[in-house]
Amino acid sequence: MIFDKGNVEDFDKELWDAIHAEEERQEHHIELIASENMVSKAVMAAQGSVLTNKYAEGYPGNRYYGGTECVDIVETLAIERAKKLFGAAFANVQAHSGSQANAAAYMALIEAGDTVLGMDLAAGGHLTHGSPVNFSGKTYHFVGYSVDADTEMLNYEAILEQAKAVQPKLIVAGASAYSRNIDFEKFRAIADHVGAYLMVDMAHIAGLVAAGVHPSPVPYAHIVTSTTHKTLRGPRGGLILTNDEALAKKINSAVFPGLQGGPLEHVIAAKAVAFKEALDPAFKDYAQAIIDNTAAMAAVFAQDDRFRLISGGTDNHVFLVDVTKVIANGKLAQNLLDEVNITLNKNAIPFETLSPFNTSGIRIGCAAITSRGMGVKESQTIARLIIKALVNHDQETILEEVRQEVRQLTDAFPLYKK
């Protein structure tokens, strides 16, 4: 019987080897990809539970299948915890991803072809904020706003003037590579001025918002979307919040049956665990440590004139660095750092001159190293190791030194092998 095959290692050695190799990679590499984090064993246990067997189209108390009394409890726990965590009146926890959450929000707020003002991808926005290769840019008429050419920060007066000119039905705030706090109150004022809805995509900063160390968009946005991983440190999935009951009904209809069929109740259970973890007072200390570590790491780059820190600093979990004075492009930097077991990603910088396949910059985030227990001292050390590797990118002896120092750090802060 299939139920006898409960051990992946014995049943599927080929797959197990790949999983084990990934576990070893995470254990012994320094993870600086800003959209990644390390979940608890409790989150993983919930996601790997028997809930994966249950189909449950619909919502708690209103399902299209029988036998849903247990998953109703699970999903209701996730909903109520999300509402409490973010101070929202309504929450939908069924979206499979942040992109699905954004798609549902658009469906709830606007029609195909409507004009939307969103952050340009090159300035730090996201694919789902109007990229022409994404469903958002193909379905709606997106106009991109950028950052100020001198400060590399959002210029709210300029965004207001742009909104007046294009008269959008919706304004999208939020980013995937913007290192500064976003003034959601100003965005709402801009939206109100032109009669537009405001949607905030807080996927990257959700954990910081939950902990109260970053301004919350919930009091200002008509709809807030998010992922449940990244700084929130939950499973990979989506979340939608609103304080408007009429919009909540539209959101629910957009998610199901509009975009999705049955929800992933095992993932929703893992979301519930993550929300409970984030409601613990210790999570605020964790979120503040992310900000402290990121600022400390960024400061090392700011003090080295061979690198340029985009916008001059960071207020959150992420920052961008122009590396072109020491190496040809961000892609080469990413690949080189992979070789010394430091994982991050190439990233376009504002007013980028290179191809998006190469880029001038790299993006660095500190959520994952903070989850391992690393602090300011280790963050500064990691920054120096990155600089050491990039500056000496053709010196194998020095690169080997960096590898050894990385291994010492990861051994000192084990992930799951405690």
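Cβ from N, Cα, C; glycine included.
Keep in mind that this is a model prediction, so the values were computed, not measured.
Database features, via Swiss-Prot:
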- LEU121, GLY125, HIS126, LEU127, SER355, PRO356, PHE357: (6S)-5,6,7,8-tetrahydrofolate binding site (BINDING)
- HIS229: site 'Plays an important role in substrate specificity' (SITE)
- LYS230: N6-(pyridoxal phosphate)lysine (MOD_RES)
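The two recorded residues, PHE357 ((6S)-5,6,7,8-tetrahydrofolate binding site) and HIS229 (site 'Plays an important role in substrate specificity'), show a Cα separation of 25 Å.
A sphere of 10 angstroms centred on the C-beta of GLY125 ((6S)-5,6,7,8-tetrahydrofolate binding site) encloses 25 other C-beta atoms. Within 10 Å of the C-beta of HIS126 ((6S)-5,6,7,8-tetrahydrofolate binding site) we count 23 further C-beta atoms, all protein chains included. The Cβ of LEU127 has fewer other Cβ atoms within 10 Å than any other of the recorded positions LEU127, LYS230. Distance from the CA of HIS229 (site 'Plays an important role in substrate specificity') to the CA of LEU121 ((6S)-5,6,7,8-tetrahydrofolate binding site) is 21 Å. With the fewest other Cβ atoms inside 10 Å of its Cβ, the least crowded of the recorded positions LEU121, HIS229, PRO356, PHE357 in this structure is PHE357. In the structure as shown, the Cβ atom of SER355 ((6S)-5,6,7,8-tetrahydrofolate binding site) sits within 10 Å of 11 other Cβ atoms. Following the DSSP three-state reduction, the secondary structure of PHE357 ((6S)-5,6,7,8-tetrahydrofolate binding site) is coil.
The two recorded residues, GLY125 ((6S)-5,6,7,8-tetrahydrofolate binding site) and the residue listed as 'N6-(pyridoxal phosphate)lysine', have Cα atoms 16 Å apart. Distance from the CA of LEU127 ((6S)-5,6,7,8-tetrahydrofolate binding site) to the CA of LYS230 (N6-(pyridoxal phosphate)lysine) is 17 Å.
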